[in-house]
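Engineer: Let me give you the structure first, and then I'll get to my questions.
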Amino acid sequence: MFSDEAFRIIDVRGRMILDSRGDPTVEAEVVTEGGGVGRAAAPAGASRGRHEAVELRDEGRAWAGRGVERAVNVINSVIAPALIGLDSRKQREIDALLCKLDGTHEKRILGGNSIVAVSLAVAKAAAATAGLPLYRYLGGPGAYVMPVPLLNIINGGAHAGNELSFQEFMIVPVGADSFREAMRIAVEVYKALRRLLIEKYGKMAVNVGDEGGFAPPMRENREALSALVDATKRAGYEPGVDVVYALDVAASQFYNEERGVYIVDGKELDREKMIEYLVSILDEFPVRSVEDPLYEEDFEGFAVFTREASKRGVLVVGDDLYTTNPERLERGIRVGATTAVLVKVNQIGTLTEALEVVNMAHRAGMRAIISHRSGETEDTTIAHLAVGLGTGLIKTGAPARGERTAKYNELLRIEEELGGEAFYPGETVLRPGEPLRYPSLLG
Ligand SMILES: C=C(OP(=O)(O)O)C(=O)O
Ligand SMILES: [Mg+2]
């Protein structure tokens, strides 16, 4: 039996480490009386939403990074004294205290990065003290659904040095019957794409972007989608059946606010024309999920597009639109802005607030997709969140580059550990408006 004392926090520590872009970031370690150790690191976005929590960091200034040094100091001298002695299982209370200590809406005093590292490390320390993996600690017997991965294998927008306006072109291996099989399909398509890109564009085309996807010298978004379809066929799979596609348009990145136009494939499109353009893509390719199709403040435009997408059985996902913020999600639910929300814990800061977003989405019949950032570390917490919260969906980059494979590899381990209990939901998780349908014990 565990005594209550075992869960008491006895140490909280911050340190500076490097992320996948070589930028300094902050890592936190939380230790309990019972010897449980939880460690978590803050990731970082390149195409950040306007309403994200403020980070104390400064890009490209390696170890001299004063911002991250401040974040480390905040953990060691402000957060640690406040948390030592508290029960690590009281996540909600601890997260509320972190928000209170900061005192601002955007977490600008302690920094969203200091807060997220500590908040996640607290959960991991409590899980370790209980002798449970994090997914089991979070989900109990409800943790058995493996996520369908959205793998970004062509990078554009702010994540690559090419001219593609859309940021992410993803494959979704829905035809698998396990996560392991899904990864096999994904890797085969990824390798087929590599061969195809070399043949068509030369060796430079397989340089990779921030999330491990290729960054070929393409100009038009359709060109990238066609390459995904061709690679799928070449790998021996059927587009639209075994593999479907997902886009992160990240439209705020190419929206001209003053003139109210989107600059896509060299053309200027107003909202109506942009929606027409996106719908024409849905009619041409088996795309089943579209993230941030429009500018991050245009809730009404999102709702118009979502109506069109839903008729075609396509999910619409809000990332920059919501920034994992329960207040913004509530507004989105009211107007029918999307059918899914992307969940990045560091956008809001605490695990409790991110849980609130997942629960709110599920209650509203929406999907929640647990997501990495373009700047990542080897931290695998999001793999556990996806299984622990039963979201059925994860977005964590290409099946290559260590900081991305760290998450996929952790999911492979989790699936092995779950054994016969594991369930891979496949295509069903991509149906907008339908409740998540997982098998009942009676079959
Ligand atoms: C993962 C993403 O990129 P970033 O981390 O740069 O926001 C995204 O926009 O969904
Ligand atoms: Mg996004």
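Cβ atoms are placed via backbone N, Cα and C, with glycine included.
Predicted automatically and left uncurated, TrEMBL annotations should be read as such.
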Engineer: According to TrEMBL, Lys344, Arg373, Ser374, Lys395 bind (2R)-2-phosphoglycerate; which one of Gln91, Gln167 is listed for that same site?
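Structural biologist: The one candidate that TrEMBL places in that (2R)-2-phosphoglycerate site: Gln167.
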Engineer: Figure out which of Asp248, Asp265, Asp270, Asp283 sits with Glu291, Asp319 in the Mg(2+) site per TrEMBL.
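Structural biologist: So the Mg(2+) site in TrEMBL includes Glu291, Asp319 plus, from the candidates Asp248, Asp265, Asp270, Asp283, Asp248.
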Engineer: Based on TrEMBL, name the residue from Glu168, Glu300, Glu327, Glu330 that is recorded for the same substrate site as His159, Glu291, Asp319, Ser371, His372, Arg373, Ser374, Lys395.
Structural biologist: Glu168
Engineer: Given the recorded substrate site (His159, Glu168, Glu291, Asp319, Ser371, His372, Arg373, Ser374, Lys395), which additional residues of the same chain have their Cβ within 8 Å of the Cβ centre, ordered by sequence?
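Structural biologist: Counting only non-site residues, the set is Gly45, Ser47, Asn152, Gln167, Glu211, Asp248, Leu342, Lys344, Gly397.
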Engineer: What recorded positions in the list His159, Gln167, Glu291, Lys344, Arg373, Ser374 lie within 10 angstroms of Asp319 (Mg(2+) binding site), counting C-alpha atoms?
Structural biologist: Glu291, Lys344
Engineer: I'm trying to understand the geometry here, so how far is the Cα atom of Glu291 (substrate binding site) from the Cα atom of Glu211 (active site, proton donor), in Å to the nearest whole number?
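Structural biologist: Spelling it out, the Cα of Glu291 (substrate binding site) and the Cα of Glu211 (active site, proton donor) are 16 Å apart.
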Engineer: Kindly point out which of the recorded positions Glu211, Lys344, Arg373, Ser374 have a C-beta less than 6 Å from some atom of ligand 1.
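Structural biologist: Only Arg373, Ser374 qualify.
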Engineer: Anything from the binding-site residues Asp248, Asp319, Lys395 with its Cβ under 6 A from ligand 2? List those in sequence order.
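Structural biologist: Going through Asp248, Asp319, Lys395 in sequence order, those close to ligand 2 turn out to be Asp248, Asp319.
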Engineer: What are the non-local neighbours of Ser374 ((2R)-2-phosphoglycerate binding site), defined as same-chain residues 6+ apart in sequence with CB under 8 A from its CB?
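Structural biologist: Within the chain, Ser374 ((2R)-2-phosphoglycerate binding site) has Cβ neighbours under 8 Å at Arg21, Ala44, Gly45, Ala46, Ser47, Ala158, His159, Asp210, Glu211.
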Engineer: Within 10 Å of the Cβ of Asp319 (Mg(2+) binding site), how many other Cβ atoms are there?
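Structural biologist: Other Cβ atoms within 10 Å of Asp319 (Mg(2+) binding site): 28.
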